[in-house]
């Protein structure tokens, strides 16, 4: 890992998924065709990209039952327990509609309404991501979204992974379609025979999915376009070298472009971590990815003091922050920007990725400066409510009309004055 | 106004600001130049586009004092009263950090942190928009944003409107710069000599501002890209014809592309409104704009029943909704999508635009299906917090490692197991 003594220059190497011109054109073309020829186009793309000619996109109850039989029962229990933890945490995020009443009869309020329908994209390919199903679906459910649809690309046998189907079934998703890529995003945004359009699309995906989400944004809402994942560990000599190194490596296995960063005021600790990272890499199954990620994006920032280290963390605004210092809890109040903050030795990032209950969909690329973890806020919207009383109106009408005229909007002023006639 | 008997097809004509290729290229070029040559470029663009060679971008305290002398004292009082109302309403939106503690020692939480810095764009040109200053700055202030910067293009004498300066001063904005257009957005996003970059840019603007915001998005956050404004009035024969017509016209004066829409179950009422709109248009100062807007985007949807009318409103998902029916309050619970809901005869839209206290920055173009009014939520972000206890860790470690392996992420599993050694 590259060791950097900090003066002023710190950064997470940003990389945003804008794709090549060819990829963007491909995506635009797929969306156009799906809008024009609907299911016919989707079936053709599924044959082309996923290598399977499906009879039906909808996952049947038989397929769900088969998935349960296929799964290790212990893993089903783990998924259920994780789902329960995620539910408990996100239930705390509930907000309620409120109103303020005035003596003169006026009522002002804020009404909270769930989104009507949401689509969740779950990537396919070689891996399966049941945890993503839980993390995206449960907040939508708690927010009160009535219709939650899941889409995921089928394998060459026309199947979805058992773990993904079980996770979806555990959180009560009824509508699951075997469709992936830009054609899935287009189907969700504009509808095809058998799939009604949704109001928002969430969930991770490859470059084609990311570009398609960008393309349909505005017609429907989307969640963030996630960049590569990052971890920053803030640690001093009280931390366990093997644990810090292992946490850095767990981030690096996601993607060659993932960033694993240590910030520490101890140069000797920094050297120990660098050596331990090297040692642990040796027998990791995803060694190639990990090595590239560590070489290109791995950093150890050595600062003069802990105060300076905290400043560096705030500059980085990481997606994941682990604090493993002598007094980690005392540092929490000084963290300005981070998607998720893991405090102390036993709060290893995978605890939050899978099980503790917090969401693993987090702002990447330094956007923790202004963005939040996925939450039930993403699945509700607010309306302001004005019930203005006659007493209030008669008292303030002339001021409102004057304000409108100050801005040159005469028809606004007259709308008020028509009521004074 | 075009009268349509509703069967199935209803829509607000959408129009999104994507600009021409030339406009997009111009904006990209301006941003590039401001990033490269900074203040020098900004001064040159201000000369070119605003026709004035400024000595300093920063508004001086002398200019603020002059603005106060120039303003009608009564209008200062109105601005102060409006600001107070906006403050009272938005204070209700405060959220607090929370935690949940478990018997085994684990603590999970959600920490709320204000954005560090925000830039507010206020359009210039012929009109002045003090209300936009209040609506954008006050929620940021209540959210706890420490640094709020305002930018607005100067007139040919190098001045900003007195009303805008007074509004900014009333809400305590200290940093005000005379710069507009794409060069203002670039300055806020990337910084120039004398203007440090901000984390988020909000506020309305012309096509160049909208395109520039789109361009810098990701490096900084932005609010929504607002489309043309819309009003939907849901009314029956109990409503006053002159008032409904005046409200429709107040929307139409904003922009030729504004939409003014009446939804009613009464055909005779529909005809009365159409006639009254025609009559009231005659002597409006912005008659040309109003006529074009009404001709192209004005609609009266006549339904068979009030139930059907409510469905139409939900299909339209309007920015502004006025309900002027016999029992307007009873309808509130049935409105699924609307930015702001104005109930009853005295809740004319300008009441909310200027004075009641709710925000006038609202989701346009049907995005009320998934977006909310500007609120303090836009100026805060959340971090999840995990303090996992040793007891909890030892109990669940094997499940977490198993879940990671189910997804093929071995290094995640090992990060857990390193702590069990």
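Glycine residues also receive a Cβ, built from the backbone N, Cα and C atoms like all the rest.
Predicted, not measured: the structure shown is a model, and the values here were computed from it.
According to its DSSP assignment, residue A:206 (NAD(+) binding site) is coil. As annotated by TrEMBL, NAD(+) binding site applies to A:121, A:183, A:206.
Counted within 10 Å of its Cβ, the other Cβ atoms near residue A:407 (substrate binding site) come to 19, all protein chains included. The substrate binding site feature in TrEMBL is assigned to A:229, A:251, A:254, A:320, A:353, A:407, A:412.
Sequence-distant neighbours of residue A:254 (substrate binding site): residues of the same chain at least 6 apart with a C-beta under 8 Å from its C-beta are A:228, A:229, A:289, A:293. Annotation comment: TrEMBL describes A:251, A:254, A:353, A:412 as Zn(2+) binding site.
Around the Cβ of residue A:319 (active site, proton acceptor), a 10 Å sphere holds 31 further Cβ atoms from the protein chains shown. TrEMBL lists A:319 (among others) with the feature active site, proton acceptor.
The active site, proton acceptor annotation in TrEMBL covers A:320 (among others). Around residue A:320 (substrate binding site), the same-chain residues at least 6 positions away in sequence with a Cβ under 8 Å from its Cβ are A:229, A:230, A:231, A:232, A:251, A:338, A:339, A:340, A:342, A:349, A:352, A:362.
Taking Cβ-Cβ distances under 8 Å and a sequence gap of 6 or more within the same chain, the neighbours of residue A:353 (substrate binding site) are A:131, A:360. Across the structure, residue A:407 (substrate binding site) and residue A:319 (active site, proton acceptor) place their CA atoms 43 angstrom apart. With a 10 A radius on its CB, residue A:206 (NAD(+) binding site) counts 15 other CB atoms from all the protein chains. Recorded residues residue A:121 (NAD(+) binding site) and residue A:319 (active site, proton acceptor) have their alpha carbons 21 Å apart, per Cα-Cα distance. The highest number of surrounding Cβ atoms within 10 Å, among the binding-site residues A:183, A:229, A:251, is found at A:251. Listed in chain order, the extra residues whose Cβ falls within 8 Å of the Cβ center of the NAD(+) site residues A:121, A:183, A:206 are A:123, A:151, A:153, A:180, A:181, A:182, A:184, A:185, A:205, A:208, A:209, A:212. Less than 8 angstroms from the CB of residue A:412 (substrate binding site) sit A:401, A:404, each of them six or more residues away in the same chain. The subset of binding-site residues A:206, A:229, A:353, A:407, A:412 lying near chain B, with Cβ atoms under 8 Å apart, consists of A:353, A:407, A:412.
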